[in-house]
Structures are given as structure tokens and as C-alpha cells.
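What follows is one structure encoded as C-alpha cells, with my remarks underneath.
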Amino acid sequence: MAGAGQLRSFVEVPAGSHFPIQNLPFGVFRRRGSRAPPRPAVAIGDLALDLAAVADAGLFDGPALAGSPCFHQETLNMFLGMGRPAWKEARATLQKILSADEPVLRDNEALRSKCLVPMSDIEMVLPITVGGYTDFFCSVHHARNCGFIFRGPQTPVNPNWFHLPIGYNGRASSVVVSGTDVIRPRGQGHPTRNSGPYFGPSQKLDFELEMAAIVGPGNELGKPIDINNAEDHIFGLALMNDWSARDIQAWETIPLGPFLGKSFSTIISPWIVTLDALKPFTCEAPKQEPEPLPYLAEKNHVNYDIPLEVWIKPKDQSDASIVAKTNFKHLYWTVTQQLAHHTINGCNMRPGDIFATGTLSGPEPESLGCLLELTWNGQKEIPVGNSTRKFLEDGDEVILTGCCKGEGYNIGFGTCIGKVLPALP
């Protein structure tokens with residue numbers, strides 16, 4: 001069996017591409033100008049491989065996928081619910097038919113033109129129907145910094161944080177795909193001196209660099225997912241920008257937590273990178289002290305080495321500027337621990353549900369995953385090209401990206417992009 005770096009596709013993949021044959025992330029696309037329903041695809045180089053066309057050609061011939069309608073759906077939910085045997089079968093089939101040594105697509109021009117579509121000719125849509133969305137708070141560096149900012153140095157991290165993954169149920173209806181603009185939200189902020197609460201456009205609009213885990217097979221109501229089986233319930237990961245209105249959030253959070261300061265928009269990247277593609281980049285997760293309770297103590301306590309970046313492009317500048325560089329490997333509570341904890345009370349998860357890591361910050365000053373930390377809640381400014389920022393301004397475009405570096409290939413997530421539009425009058 002050839003190593004991952006030796007796999008080679010007949011499709012010409014540009015050097016440095018996020019989407020070589022080793023990756024094959026899943027998404028859903030629509031041809032530009034077409035009224036046809038969206039269709040599932042995987043990315044290969046600068047092309048999308050239409051999975052409905054592959055299925056129509058009878059190329060999915062294994063026991064899990066032969067005759068299945070899963071790739072004739074407008075979302076990936078049916079495929080996600082089929083579980084790891086179907087995911088592995090699909091990945092093996094797609095790597096085979098795209099390989100340089102396999103003639104079935106390589107030497108059939110008519111079939112090739114049906115199946116492979118230039119990215120420039122398509123638009124990506126939200127790849128899943130999101131039934132439920134949970135946002136966790138699982139970066140110790142982020143938790144500690146937020147504690148310092150809002151509570152001071154005495155107890156920056158609440159004691160419960162080291163015993164369980166903290167999370168809250170977010171708003172699934174406002175989860176949207178990369179490229180969707182965000183209208184600056186309006187809401188209440190803290191009273192100032194002798195006046196009542198402020199009401200108006202958020203003055204502290206922020207990005208949050210997160211990753212979203214996409215749920216595959218769920219669990220029955222009342223029956224938790226075992227920590228050591230949790231990986232089989234996670235299809236893959238996507239980039240996420242969980243926009244935050246920090247002033248609205250700060251005024252509303254006590255006593256029930258985030259609400260309008262978070263629910264106005266959450267953007268995910270269009271391509272979902274499978275855990276199977278990420279396997280070569282597993283790394284040891286941070287040591288947890290105290291040791292977690294037995295239901296959170298996993299035999300395989302690992303994260304993924306995924307370098308992540310945030311860029312901002314102001315409306316009056318031609319180029320984007322990098323403002324943060326961090327890594328997924330710093331995550332304190334792993335995605336498998338998050339899922340096991342989410343279901344320990346019997347909560348039922350469903351295919352297409354998502355749960356997010358919370359802001360992914362690292363230990364270095366440049367590795368902070370939001371402006372709240374980078375500017376210490378607006379107490380200082382950071383450079384953005386030939387300007388500075390405390391928080392986001394109208395017209396700012398925020399670009400998240402992440403890419404694992406293998407030997408001779410990358411496993412990347414593409415980009416997650418959103419632009420800030422002015423508040424409604």
C-alpha cells in the first residue's frame with residue numbers, strides 16, 4: 001500500500017493546493033446560472049468532483065453505497081448518517097477513480113466532463129442541514145485571557161472549567177456558508193454613568209476563529225455516546241467564524257450566557273475535511289489536570305496539528321493582512337470529549353448537527369483567536385495593513401484558513417470568508 005504522500009491523481013493539482021487526492025473534502029455545490037438542485041461533491045485541485053454523476057456512472061459499487069441515493073440529495077445529511085463504513089468506502093472509491101493509474105475517469109473524456117467541474121463554474125452552498133448547533137469554550141488560553149479581562153487575575157478560569165467542557169446551545173438557523181455577508185447587529189450594551197443601557201449598532205464586533213465538528217450517526221435519546229466510540233460519530237471538521245458582538249454579549253450574558261451577541265451569524269467553510277484525511281496529523285493532546293472523570297477519560301487522547309490563520313482585508317485596502325496564527329493542537333478538551341460530554345445526560349445528536357470548539361487561542365501573543373484578546377478588549381490597537389483596529393469596522397472582510405503540511409502534500413480547509421456590512425437603519 002502506497003504511503004499518503006505517494007498517492008497521485010491524474011487531475012493536475014497545483015503546487016500548494018489545499019485539495020490533493022490525499023484530502024478529498026466533502027461539500028455541496030450548484031453550477032452558476034443553473035436552476036438544478038445542489039449536488040454533493042469532493043474537491044480535487046481546482047475542480048469539484050460531482051458525486052451524483054459518479055453514482056450515476058455506477059462507480060460506487062461497494063456494499064454500503066451501491067444503489068444508495070445519498071449522493072442525489074441536496075445536502076450531505078443522509079451520507080453522514082450512514083456512518084464510518086460508508087465514509088471509508090466512499091473515500092477509497094474516490095481515491096481509486098482519481099488516481100493516476102486508474103483509467104475509468106482518466107481515459108473517458110465524456111464521463112470526465114460530466115463528473116469534474118471547474119471551481120470557477122460553481123458556487124458552494126451550506127453542505128448540511130444544521131438541526132442543532134452547540135458552541136463550546138475549550139481553549140484554556142482563551143478561557144484564561146477572557147477571565148483576566150472580565151474578572152481580573154484572582155480566578156481567571158472558574159474551577160469547573162477543568163472538570164468538564166463548558167458549552168451552550170447556539171442558534172442553528174443563522175449558521176451560513178462562507179461568502180455570506182454579516183450585517184452589523186444592533187442590541188443593548190452596558191449603561192454608561194447616568195444613562196440607561198445603550199441601544200444601537202454593536203461597537204465591538206469581533207470574529208472568533210473556531211473549528212466546527214460535523215456529527216455523523218447520532219444516538220438515541222437517553223443513550224450517551226461512549227468516549228471511546230465518539231470518533232465514529234464525527235464525520236469531519238470545518239473552519240468556523242462565530243461572530244461576536246462583545247458589547248451586547250457582555251451586557252446580556254449574566255446569568256444565562258450568550259444570546260443575541262452570538263446568534264446573528266455563524267459562518268462555516270464550504271468543505272468538510274474528514275477525520276480520515278486528518279489521521280496523519282494526529283498529535284498528543286494537552287495533559288489534563290486534574291484527570292477527567294471516567295466518562296471523559298479517553299484511551300486515545302489526541303488532537304490534530306492544524307496551523308490556522310486569520311486575515312483581515314479593510315474595504316479601502318487591496319490586500320488582506322494577517323492578524324493571528326495559531327494551531328488546533330492547543331485545544332484542551334478534544335472534540336471526542338466534547339461529544340461524549342454533550343450526550344452524557346442522554347441528549348440525542350443527529351446527522352448534520354454541529355458543535356464548535358470555541359475560540360482557538362494559543363500561548364503566544366500572535367496566536368490569539370479573536371480581537372477581544374488581541375486588543376485586550378479594545379485597550380490597545382493592532383496593525384491591519386496601513387490602518388489599525390480595536391474591533392471590526394464596516395467593510396472589513398475576515399478570512400480564516402487552515403492547512404496541515406504533509407510530506408509532499410497538504411490537507412487544507414480552503415477559506416472561511418465573511419464581510420461586515422453596516423447595521424440596518
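Glycine is treated like the rest: Cβ placed from N, Cα and C.
Curation plays no part in TrEMBL annotations; they are all automatic predictions.
For Glu210 (Ca(2+) binding site), the same-chain residues lying six or more positions away in sequence with a CB closer than 8 A to its CB are Asp135, Leu239, Met240, Asn241, Asp242, Ala356, Thr357, Gly358, Thr359, Leu360, Gly369. As annotated by TrEMBL, Ca(2+) binding site applies to Asp135, Glu208, Glu210, Asp242.
As annotated by TrEMBL, substrate binding site applies to Phe137, Arg151, Gln249, Thr359. Within its own chain, Arg151 (substrate binding site) has no residue 6 or more apart in sequence whose C-beta sits under 8 angstroms from its own.
Under the heading Mg(2+) binding site, TrEMBL lists Asp242, Lys262, Thr266. Just so you know, the Cβ of Thr266 (Mg(2+) binding site) picks up 29 other Cβ atoms within 10 Å once every protein chain is counted.
What TrEMBL records for 22-127 is domain 'Fumarylacetoacetase N-terminal'.
Summarised as a single figure, the pLDDT of the domain 'Fumarylacetoacetase-like C-terminal' (134-420) averages 97. The feature domain 'Fumarylacetoacetase-like C-terminal' is assigned by TrEMBL to 134-420.
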Other same-chain residues whose Cβ falls within 8 Å of the Cβ centroid of Asp135, Glu208, Glu210, Asp242, the recorded Ca(2+) site, in sequence order: Leu209, Met240, Asn241, Ser244, Lys262, Thr266, Ala356, Thr357, Gly358, Thr359
Length of the line joining the Cα atoms of Thr266 (Mg(2+) binding site) and Glu208 (Ca(2+) binding site), in Å: 9
Max pairwise CA distance, angstrom, over record-listed substrate binders Phe137, Arg151, Gln249, Thr359: 18
